[in-house]
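These come from TrEMBL:
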BINDING   A:62, A:65, A:159, A:193  [4Fe-4S] cluster 1 binding site
BINDING   A:231, A:234, A:259, A:265  [4Fe-4S] cluster 2 binding site
BINDING   A:274, A:293, A:296  [3Fe-4S] cluster binding site
DOMAIN    A:62-206  domain 'NADH:ubiquinone oxidoreductase-like 20kDa subunit'
DOMAIN    A:226-305  domain 'Cytochrome-c3 hydrogenase C-terminal'
TRANSMEM  A:21-43  transmembrane segment
């Protein structure tokens with residue numbers, strides 16, 4: 001249940017000092033790419049912010065997004081925020097089950113009507129509601145019902161944001177994203193498979209601080225995290241420009257940390273903060289660990305070509321297309337050649353010998 | 001919501017298949033069309049050979065006659081700029097090489113991107129200067145047809161979109177990359193049925209010229 | 001009753017199109033460089049004289065008959081057909097303003113042999129009755145009288161008598177089994193008898209067995225110029241018959257450009273079988289005699305001499321180095337023109353242009369190119385090896401009021417010939 005006391009009070013009650021709190025505010029400001037002058041404003045806003053009620057709905061998902069959040073390091077911006085929001089419904093994390101759980105959701109919706117934040121992970125099946133239900137309620141119905149009185153919706157993970165893995169070709173469940181269904185609420189897409197935990201909390205912090213949603217890109221992703229591509233922020237970029245590429249995962253180039261483009265890195269088409277925010281307590285991120293970016297924060301990344309094919313390689317089997325076309329070309333070419341041969345032969349046969357009596361136009 | 005990525009995926013799959021199919025069928029068909037017309041056996045006693053001089057002319061025609069060059073340097077200079085720029089950016093850019101490798105199973109080393117970038121700029125300037133020349137030059141005015149404008153546009157767009165994509169000047173990237181791929185597909189589809197075919201037939205025509213002259217003992 | 005119709009013309013074009021033509025049209029990128037190689041464009045600045053533009057009728061037939069896209073266009077009614085009006089308009093472009101000098105074929109960046117295609121397009125022009133009057137007349141005279149200028153055997157016989165009387169040299173006629181059959185052009189018979197005289201002198205010195213042929217003395221071939229294989233075949237057949245009748249080993253093409261093309265390169269293809277004899281241009285023979293040490297020269301000129309390469313000989317015939325070696329036999333001061341050899345500029349009168357009255361004004365105008373080129377060398381004498389070039393240049397220089405003697409290279413060799421070798425060696 002959402003508490004009446006403020007976030008500041010709650011933090012202090014949990015033993016967070018003023019100094020620690022300001023440190024957190026500074027971190028939040030930097031995360032959101034705000035100038036340091038904004039730190040006092042953030043501190044003030046967060047100090048006074050009421051613990052918001054958060055309802056977390058999980059649809060067709062793998063719990064990876066939740067795992068990502070819960071595995072975040074401590075003490076962290078993430079844990080601070082999550083300790084101090086009122087997570088009123090999250091069927092993986094909550095203790096309650098069955099009717100009690102659903103009752104908690106309904107209560108939260110009722111008590112915080114128009115103020116709660118709805119977090120969704122997983123995509124919604126439109127093919128047959130039976131593909132995914134919670135307490136006998138279809139995902140679609142639950143989403144529509146819960147979204148109705150939400151202040152804002154945060155679609156966490158690529159499944160919720162864009163359809164993700166369930167939507168991948170041939171999309172057996174008819175999976176769609178939150179924004180394919182909900183059109184009348186502000187939706188923040190925090191894409192990634194899974195998304196960076198800091199990014200989720202950063203978005204929530206922004207909402208708490210400013211009471212509004214951050215600047216979004218055309219996919220409704222916060223620009224502050226998704227404004228630049230992996231490629232542009234990649235520390236291996238100089239190798240790309242110099243033309244130095246790893247050809248296999250264990251060659252000299254790979255060991256020397258050269259660009260992974262040829263090994264299928266989708267960094268150029270992928271917008272995310274991995275290169276700067278990193279993973280596992282800032283330890284590393286895929287490219288740093290020697291594997292190309294999969295492009296997981298982009299729509300339809302599962303269908304965007306083999307993970308180990310370069311971005312410039314066509315998605316379909318081009319060798320086969322060329323081979324078939326060449327065979328067809330030979331057949332059609334032979335036909336065209338035959339036609340030309342016949343045509344010319346006819347002309348040769350129709351040749352009327354020109355004599356000096358045939359030099360003037362007839363008529 | 002997902003349009004740019006859907007578009008990119010479409011250009012990299014269905015559209016690419018269609019374009020490659022038309023391109024490959026078309027080029028082979030056209031070569032058959034040309035070669036099937038044949039060449040009469042030449043009964044005159046030869047003064048020289050055909051094959052060698054033909055091969056020689058394939059290369060030597062890349063170097064213009066000095067006097068003619070002086071009369072119309074812009075045609076030659078813009079032609080060189082464009083073709084060199086195009087070849088470097090087409091076949092020495094690593095992403096393009098990877099496409100060849102995936103298709104034909106072999107590749108070759110690429111050039112650093114700043115060089116490819118400069119080559120693309122060279123090609124763009126060459127094309128723009130060539131366009132200006134085509135508009136201003138009375139001979140070109142006389143012989144230019146709709147096809148020439150079409151072919152110019154279809155050649156210009158892939159280089160332009162490629163340049164914009166490389167420099168990430170259009171947001172989001174999948175959109176401009178998709179436009180780049182699409183413009184190449186348009187080029188490939190038009191290729192066999194327009195004078196873009198000169199890419200291949202220039203070897204035939206230069207060879208024929210060199211061979212016919214070589215037979216008469218003339219270096220052409 | 002003439003059979004020339006548009007339909008026949010188009011059919012002739014269809015017949016003429018071969019793989020090189022298709023490759024050439026497929027390769028053209030409309031760069032316009034061919035115009036810069038063509039004196040009809042450079043001297044007039046009129047873009048309609050752009051060589052590739054002259055081929056539009058042939059290109060249209062190729063596109064509609066032999067390409068998929070052309071057939072589709074035709075089916076959709078988008079194809080511009082070749083009409084009789086079009087061919088009439090193109091007469092000026094294909095005859096008056098083209099000497100088939102093939103300079104454009106030398107510079108085309110994609111390697112298009114434009115002159116080769118002009119020659120082919122003329123087949124369609126002839127078959128559709130669109131050849132110019134002057135060229136038609138020449139063809140008719142060539143077929144009926146035996147010479148485009150109407151020169152008969154009697155005229156040649158008169159010249160022979162004249163020369164024999166003047167020089168005491170013997171001019172053999174119909175000598176069976178001779179090594180060399182000498183052909184002449186009408187112009188040489190009528191305007192430059194010194195050629196035959198010079199030959200007689202040289203051959204006597206070199207100890208060559210040669211002859212003229214009463215049934216085949218005319219080397220020129222109007223059929224090649226008008227662009228009719230059928231007419232060209234009739235004319236070449238006469239030479240072949242004459243040469244085979246006399247059982248000669250070699251046939252010597254005279255100082256005439258297109259005659260060389262006609263006999264040397266087109267001849268066997270016209271009659272459909274290889275020749276039983278060798279064909280040489282007189283300059284090739286003289287160069288062979290020079291190399292064999294059979295002819296020597298003396299009293300070399302010190303004035304500046306320059307050489308005009310006849311297109312058919314140099315660019316289209318590969319006779320390039322020989323004439324230079326021969327030039328150095330007659331002058332110590334040989335100056336090359338800036339563009340020479342295979343890149344030489346045409347005199348403007350080849351390919352039937354000189355017998356085409358419609359082209360006269362244009363021909364004089366574009367002769368400026370040659371005039372400038374000659375003047376640039378500062379030469380005192382111009383030498384060439386084609387009677388047609390020689391006449392056209394003489395006339396052109398006169399129009400431009402330039403005083404400059406124009407001489408044939410063979411007669412120049414004859415003039416400087418060391419007649420008695422023993423004497424010459426004593427002096428030397």
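Any Cβ shown, glycine's included, is placed from N, Cα and C.
TrEMBL feature annotations superimposed on the structure.
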| residue | record | contacts (Cβ under 8 Å, 6+ apart) |
| --- | --- | --- |
| A:62 | [4Fe-4S] cluster 1 binding site | A:165 |
| A:65 | [4Fe-4S] cluster 1 binding site | A:121, A:156, A:157, A:194, A:195 |
| A:159 | [4Fe-4S] cluster 1 binding site | A:59, A:60, A:61, A:121, A:122, A:123, A:165, A:166, A:167, A:175, A:177, A:193 |
| A:231 | [4Fe-4S] cluster 2 binding site | A:237, A:240, A:267, A:268, A:270 |
| A:234 | [4Fe-4S] cluster 2 binding site | A:240, A:267, A:275, A:287 |
| A:259 | [4Fe-4S] cluster 2 binding site | A:236, A:237, A:239, A:240, A:244, A:245, A:246, A:265 |
| A:274 | [3Fe-4S] cluster binding site | A:196, A:230, A:285, A:286, A:287, A:293 |
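The average pLDDT for the domain 'Cytochrome-c3 hydrogenase C-terminal' (A:226-305) in the predicted structure is 93. Cβ proximity to the [4Fe-4S] cluster 2 site centre (mean Cβ of A:231, A:234, A:259, A:265, cutoff 8 Å) flags the following additional same-chain residues: A:230, A:236, A:237, A:240, A:260, A:261, A:267, A:268, A:287, A:292, A:293.
A C-beta separation below 8 Å, combined with a sequence spacing of at least six in one chain, links residue A:296 ([3Fe-4S] cluster binding site) to A:158, A:191, A:192, A:193, A:270, A:272. Secondary structure at residue A:296 ([3Fe-4S] cluster binding site), as computed by DSSP, is coil. By the criterion of other Cβ atoms within 10 Å of the residue's own Cβ, the least surrounded of the binding-site residues A:193, A:265 is A:193. Summary of the [3Fe-4S] cluster site environment: with the site residues A:274, A:293, A:296 set aside, the chain residues having Cβ atoms within 8 Å of the Cβ mean position are A:192, A:230, A:266, A:267, A:270, A:272, A:285, A:286, A:287, A:294, A:295, A:297. Shown in sequence order, A:61, A:63, A:64, A:121, A:122, A:157, A:158, A:160, A:164, A:165, A:194 are the same-chain residues outside A:62, A:65, A:159, A:193 whose Cβ sits within 8 Å of the Cβ centre of the [4Fe-4S] cluster 1 site.
Residue A:234 ([4Fe-4S] cluster 2 binding site) falls within neither a helix nor a strand when secondary structure is assigned with DSSP, and so counts as coil. Mapped onto three states, the DSSP output places residue A:259 ([4Fe-4S] cluster 2 binding site) in strand. Counting residues per DSSP class in helix, strand and coil order gives 28 helix, 6 strand, 46 coil for the domain 'Cytochrome-c3 hydrogenase C-terminal' (A:226-305). Look at residue A:159 ([4Fe-4S] cluster 1 binding site): DSSP puts it in a helix. Within 10 Å of the C-beta of residue A:293 ([3Fe-4S] cluster binding site) there are 29 other C-beta atoms, taking all protein chains into account. Under DSSP, the residues of the domain 'NADH:ubiquinone oxidoreductase-like 20kDa subunit' (A:62-206) split into helix, strand and coil as follows: 65 helix, 28 strand, 52 coil.
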